[in-house]
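Here TrEMBL flags 15-143 as domain 'TFIIF beta subunit N-terminal'. If you look up TrEMBL, you'll see 166-193, 241-265 marked as region 'Disordered'. The domain 'TFIIF beta subunit HTH' annotation in TrEMBL covers 193-256. Marked as compositional bias 'Basic and acidic residues' by TrEMBL: 249-265.
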Amino acid sequence: MAEEGKHLETGRADRSVWLMKCPTIVSRAWQKAAAAAAAADAGGPSPNPNPVVAKVILSFDPLSTDEDPNQFKMEMAQTDNGNTPKNYSLNMFKDFVPMCVFSESNQGKLACEGKVEHKFDMEPHKENLSDYAKLCRERTKNSMIKTRKVHVLDKEHVNVRTMISMIGGGPHSGPKDKKKPAPTRTPEVKRTRRDRGDIENILFKLFERQPNWSLKHLMQETDQPEQFLKEIMNDLCVYNKRGPNQGTHELKPEYKKSVEDTSAT
């Protein structure tokens, strides 16, 4: 193995452990209470490494018809936390994946602290719903506070040269700061449709002059809209996709013959 194997302490592996999912405000309150208790005991002869931050109360109703008559409630030890609820209901789950809890000390020692026997979710107790509502309103109010502020600069603190260079009109602005003029687009000439029969006659005469034409050159010769000319070309011509005349049109065989007959007469 690339890394040296570490020893795992298993003396407390069979101990029953509760796994509880708590809100962020509760964990922060616990940390604050633990820090306060540690500071209070710092001057004593034997400081308590595990101060009490909350207590769990188990209530049992022998007359209840529920499958599990046990009810769990947690009371926070510290009460000066503003609108943070003091009491919480613990909802126990029985169906969960078996788990174990592990720990690692500052010296790197690993230990198994026990097996998870009960899993709980926390929610504010009905006795503290009003406090929880105040907390939610306070949280929403704080989220709506704008953190950005606009500061008006005095004339003494304004660097005029810097402001001009930022705008781009100062003498120190280089060629990169100047915007290139947008290229002017030539307006397209609007072409008017002529009679289809007249255009077909013009096309036949053009193909008498030479057998292959591109669409661009035919538009210049006929002065007709592109879409209208394409419709006529699809009926009269064949488009060459390959070969020496690639990209050009030529008359279909039946129209070639009629043009040749007309020119012969």
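Placement of Cβ uses the backbone N, Cα and C atoms for every residue, glycine included.
Unlike curated records, TrEMBL annotations are generated automatically.
Because the structure is a prediction, the values reported are computed rather than measured.
Residue counts for the domain 'TFIIF beta subunit HTH' (193-256) under DSSP, helix first, then strand, then coil, are 37 helix, 7 strand, 20 coil. When pLDDT values are averaged over the domain 'TFIIF beta subunit HTH' (193-256), the model yields 89. Broken down with DSSP, the domain 'TFIIF beta subunit N-terminal' (15-143) shows 35 helix, 47 strand, 47 coil.
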